[in-house]
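Under the heading transmembrane segment, TrEMBL lists A:47-67, A:79-99, A:106-123, A:129-150, A:157-176, A:196-218, A:239-257, A:263-281, A:310-331, A:343-361, A:368-387, A:393-411.
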Amino acid sequence: MSGTTPTGEQEPAGAAAPVVDPRLLVRERGMAGYVEEFRRKIRGGELGAIPVVVGLIIIAVVFQSLTGTFLTPGNLSNITVYIAGPGLMAVGIVLVLLLGEIDLSVGSMAGLSAAIWAVLSVGQGVNDLLAIVLAIAAGAVVGTIHGFFFAKIGVPAFVVTLAGFLGWSGLQIWIMGSEGTINIPRDSLVRDFNNFYFSDIAAAYGLALVITLGYAAALWTGERRRAAAKLPNRQMVDLAVRIGLVAVAAFTVAYVLNQHRGLPLALVIFLAVLIAADFMVRRTSYGRQIFAVGGNAEAARRAGINVVRVRLTVFTIASSLAALGGLFWAAQAGGASKSLGSGNLLMNVIAAAVIGGTSLFGGRGWIWSALLGTLVIQSITTGLNLLGMASEIQYMITGAVLLIAVVVDSVSRRTQRTAGRT
Amino acid sequence: MTTAPLLALRGVSKRFGAVQALSDIDLEIHAGRVTALVGDNGAGKSTLVKTIAGVYTADAGTIEWKGRAHRIARPQDSQDLGIATVYQDLALCDNLDVVANLYLGRETRSLGVLDEVAMEARCRELLDSLSIRIPSVRIPVASLSGGQRQVVAIARALIGEPEVVVLDEPTAALGVEQTAQVLDLVELLRRRGLAVVLISHNMADVRAVADEVAVLRLGRNNGIFPVAETSHEEIVAAITGAADNAVTRRSARTLTKDGAAPSTDAAADDDRNRTTEAGEETA
C-alpha cells in the first residue's frame, strides 16, 4: 500500500517508454490505480461477474434467514450436484449465444439422450458405458443436423432448433415406446452421476489445491512472459489477490463438501467440462473464431475464417453437451421418462447462461456464466423448495430473475456503448 | 514502365443478375507504385476491389499474379497470393481487441495454443513502425475513433506481409488530420516497395499520393492517366464523362479513322447503362 507516490515525475527517465497517447487513461502504479480503474469500469458498465456474485450472496442471506437450513453443508452439497446437469447444458448454450444464435432444442435433446441411453442399456442390454457414449454421439448427430440447416442452408437457428424442440421430443416419446419410465439400474454409471461421492476428504482438498496451483501457475507464467517481452503486466499484488480469491473459494467449497459426503463426481465432471471449454474459448484459434463470427460474421468470413464450419461445429458441441447433461438430469430424476427434459428445463438453462453474464446479442460472454447462472437458478429453486413453495411460484420468481438479468445485460450494453465499449 | 506488373487484370467482367457491374476491365498494378482507382458512384470500384480480394469471383477474364493466371475464388486465395484488402466498411470485429483483430484468421500459436504475448509484442512493434497511436492494443475496437479504426484496419492488412495493399476509400470518413495520417501511411507503404491500390473520391488525396489514376466509368475502363502529367480537369472529365461531348466526339471520329484512339462508345449506351445501374442500387 506504500507504492502510491502522487508525484508522477519520479518515473525513471531512462525507461525509454514509447510515448503514450495523452487521452488514454493509463493505470497508475500502485493500489490507487486499481481503485481508479475499478471505478471507471463500474461507471462504464463493465460489471463483469459482480452482479451475479452479489445476487448469489443476497439469495443465500435471504433464504438462510427465511429457512435457517439453506447454508447447511448438506443443502449446499446437494446444490453442487443438482447444477451439473443444467450446467453442462448451459455451457453449450453459452457457446451458441457467443455466436449470436440460440438453441431451443437442448431440453428435448437432454430427454432424447436419456431415452436412448435407457432403452439401449436397460432395454437392449447394451454395455452401460457404450450406451452412454452412443447417447452423447446421438447428441453430436442432432447438433450437426441443426448446424447443417442453419449454417449451410441458411435457415434461422431459432426456427431450426424450434423444429428440433418438437421433433426430438417426439422421437424421445417414440423411442420410449410402451415404457412410461425406465428406472436406472443399481450398477449403472449414470446413477453415479448423482450418487457417487469421493468420500475421502483428501479428494476435495486435493482438487482445490490442484485448481489453485494450476491457476497460479498459468497466471504466473503468463505474466512472466509478458514481462520478458516488455509488455505491460500485472503487479504482484494483483496476482496475489486473484490467486488468493480462487484459493479461498476452492478451499471453502472443499471444506463444505467434506462436511457432508465428500466430493461429488457430478461436480468433478462439470468443472472439467467448464475448464476445458474455457480453455477452448479463450486460448485457441477456434475459440477466437467463435467470438469473431458472433461479433461480425462478414468480417470473419473476409478474414478467411470458415464461418460455416464454426457455426456447424458449435451446434454439434452444444447438442453433445445437452446430451451429456441429459444423462445427469435423468440421474437426478431416477430414470428416463417420456416427459424428461420438458417443462422449464430449457428456459432455466438459457436463463442461466444469460444471468451468468453472456450476452444474448452475440460475441460477448464467458464460459463461467454457465456455472454462476446455474448456481443462481438452482439456489432459488432449492430455497423455494425448502420454503415449501409451489412450482407455480417458482416459475414466476425464476421468470422475474431472468428478466432482471436481461435488463442488466441490455442496460450495461447501453452504458458500455456510451463509454465506447462493447 | 519497364517492370512486369505484379498484379494484372485482363478483361475482367462481373454480372449481378441483369446488371453488368464490370465489363472487360484491364488494370496493371506495379510494385512500389500507388495506383488510384477513381470513378463515380456505381462505377464498379468496390466491385472490382472485391473481385481482387476474392469476395466475389469474376465471371470472365483472368487475374494474373506475377505473370501467371490465378483463380481467386475465396478471400483466402487472395491473401495467400499476397494481396491484402482494407474494405470500406473496415471489416473489423467490434467485440474483439486490437491484437485479436490484427491477427484474425492467422493467429500465432505455440503448441496449438494462442500465443497472446508474441502477438501483442509484434502488434505493438508494427503499430510503432507505422507511427500509429492508439490508446491500447488490448481494448475492443469498438472504443476506437474512426481514424484509429481505419489505421488499425490498414495495420491488419500489413500483418501478413503482403505485396499488394488495396485500400477502399480509406479517407472517406476521416477528418483532416486523420486523412493526412492515412496518406502518410500510403507513402510509407510505397517507400517500402509495396504496390498500393487506392480508391478515393477525393481528387486532392489522389493527386497527393498516387502515381497513376485509373478511371472507371459505368463498369468500364475509361483511361489510365499518369498523375504528374494530367490535369485535375482531365481526370474529372474522364470520371463524369464530360469528355464525351460534341467536340470530343468529332475529334474521336477523326482519330478513329486513323485507328489510334480508344473507343468512346459509352455515350451511346449511356441511357441503357444508367437504367441498369439504377437496378443495381435496388438489387
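Cβ atoms are placed via backbone N, Cα and C, with glycine included.
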Are the transmembrane segment (A:310-331) and the transmembrane segment (A:79-99) near each other by the rule of at least 3 C-beta pairs under 8 angstroms (pairs 6 or more apart)?
-> yes
Sequence gap of 6 or more, Cβ distance under 8 Å, 3 or more pairs: do the transmembrane segment (A:106-123) and the transmembrane segment (A:343-361) meet that?
-> yes
Beyond a gap of at least 6 residues from its ends, the CB atoms lying under 8 Å from the transmembrane segment (A:129-150) belong to 101, 103, 105, 109, 112-114, 116-117, 120-121, 156-157, 160-161, 164, 168, 189-190, 311-324, 326-327
Count, for each of A:239-257, A:310-331, A:368-387, the Cβ pairs lying under 8 Å from the transmembrane segment (A:47-67), and report the range with the highest count.
-> A:368-387
For the transmembrane segment (A:239-257), could you work out the same-chain residues 6 or more beyond its ends whose Cβ comes under 8 Å from its Cβ atoms?
-> 73, 76-77, 80, 204-205, 207-209, 211-212, 215-216, 219-220, 223, 263-264, 267
